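Input: a single structure, listed below in structure tokens.
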Amino acid sequence: MNHTPSPHLSESGKTAGGGLLCSLGLGSDRGIRSPDSLAHTPSPTGGTPSSSPPLLLSPGLGGLGLGREELRLRELEEARARAAQMEKTMRWWSDCTANWREKWSKVRAERNRARDEVRQLRQRLDALTKELTSVRRERQELASENETLRQEALRLRGDHTAPPPSATSPSSSAVHIDGKLDLVGEGPPGSPEPEPVRDVASDRQKDLELLEPTLRSRAPGTDAQEAWDSRGVSSVSSRSCSGLNRQERSRQLWEDMSTVEEDSGKLNALQLRLDESQKVLLKERDDKLALSKSIERLEAELSQWKLKYEELSKSKQEAFKQLNLLKEMHQDELGRISEDLEDELGARTSMDKKLAELRAEMERLQVENAAEWGRRERLETEKLALERDNKKLKAQAEDLEEQLAKKRRQAASALDTDLKAIQSELFEKNKELADLRHIHAKLKKQLQEKTAELAHANRRVESHEAEVRKLRLRVEELKKELGQAEDELDESHNQTRKLQRSLDEQVEQTENLQVQLEHLQSRLRRQQQSPGLFGKMRSTRFTSENPDGPTSDMDEEEEELQLQIP
């Protein structure tokens, strides 16, 4: 999107100025030419007068001086228009740099935001790892506590050997504990890490195996009944014994009952501790599952943010490259504009020198006019010849204008063909994008079908327990297909993004071409309207009836130039 004036514009302005001078009847041999021709105009010799100076002897000599002043004014207006156009280009470059600064500020803010989010995610990950280590430490403590409980059970087995009168409640509690341990050992089939619970269950099973002989020696009611019967028989046989034996027997009975109560209380306490440790282990396992899921989710988010950060860095590098290119183009344009200004200043100084020389020549010719009045007839014939030359120059100017119009039409046709080609490419890109969207819809439909099949497979797993292994294999295959479908979907998404990016680039190119076309059209309109504009300036320069009229016409001319310059 370059709105800077082309060097062809100044050349076309010069050719138009030359054509205008030819149309005013001022030939190339009279000393009044375009700024380019003035630099190469030879100075008149001091000897015999040439064919051009005698024309200044005509009565229209004052009008010729006014024509020169008018030419200077026109060139001054052209220089002002060029300066205004250069100011507009400088403003456009400043707007471009401001836009780039805004874009870079936005990109920088997004990068800082992404860094903050990554920092927060890392902090959360550290906190979760700390929690996981603490939970593992607690699990180790619980394992050591279970070991101490097993050792205490072994100690209780070695300490107590007397059979209790009734041990039905400990046996039932042992059976209850066995059932709970079996339930804990089974667990859900899909749990990822049931190993700690299985270890504790195996430890508890060992403890119960150690406690079983003591319970069997104390628990069964038949053995207790036989003991009581034997004691009854012994009491019948020893009725003749003294009261001392009765007291000893009652004391022994009370001691046995107290030991049985103590053993049952210890077993109940052990059962409560085992239940508590079981609950703690279940809770620990749930917490561990939740922590593992959260860690996986945080790792996925971290990978996504890393990808976003890489994309932002790539876009930043591309934007830096574009900004450097724009800066280089801006510096080149400024150098070219400064060179044009220097050339115009040199041409203006040379024009002033030529005007001074022409004025001196005019004074000299006025002095020679009195001495060479006899050559008037010859000069008249030369004047007629010069008029014929002027007509020839007018015809040449018309031919040049026709050639210029042909070139303009050719340039317009070339631009039309380029626009048509770009529009056809844009249509093809849109068609490819529509095809990709259709493929994306198909893939999405296939994904929905795969998810429906997965749900149906899950229902079959719930209904048919006998086909669990086969269905698990099927579910794994479906998961693989789902992953492949998701990969294909991601690839299609990436392709759509690439196509959208290329479409945006094509749209931007079309906009650039449209702007260049408008710029060329405005340049052509300005070249076509320049003769009428110069005539209007001439009429406003020499009107003395309304003193405020020239300033208003100059303002209107500046507004028209601003409208014509893109």
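All positions are counted from 1 along the displayed chain.
Each residue, glycine too, has its Cβ placed from N, Cα and C.
Because TrEMBL annotations are produced automatically, they should be read as predictions rather than curated entries.
What TrEMBL records for 1-13 is compositional bias 'Polar residues'.
Per TrEMBL, compositional bias 'Low complexity' is recorded for 41-59 (among others).
According to TrEMBL, the compositional bias 'Basic and acidic residues' annotation covers 195-209.
Annotation comment: TrEMBL describes 230-243 (among others) as compositional bias 'Low complexity'.
The compositional bias 'Acidic residues' feature in TrEMBL is assigned to 553-566.
Regional average pLDDT for the domain 'Myosin tail' (332-524) in the model is 84. Under the heading domain 'Myosin tail', TrEMBL lists 332-524.
Feature annotation from TrEMBL assigns region 'Disordered' to 1-63 (among others).
Among the features that TrEMBL reports, region 'Disordered' is placed at 156-175 (among others).
Look at TrEMBL and you will find 180-244 (among others) tagged as region 'Disordered'.
Annotation comment: TrEMBL describes 484-505 (among others) as region 'Disordered'. Long-range contacts of the region 'Disordered' (484-505) within its own chain (CB-CB distance under 8 A, at least 6 residues past either end) are made by residues 426, 429-430, 432-433, 436-437, 439-440, 443-444, 446-447, 450.
Per TrEMBL, the feature region 'Disordered' maps to 523-566 (among others).
Per DSSP, the secondary structure of the region 'Disordered' (484-505) breaks down as 22 helix, 0 strand, 0 coil.
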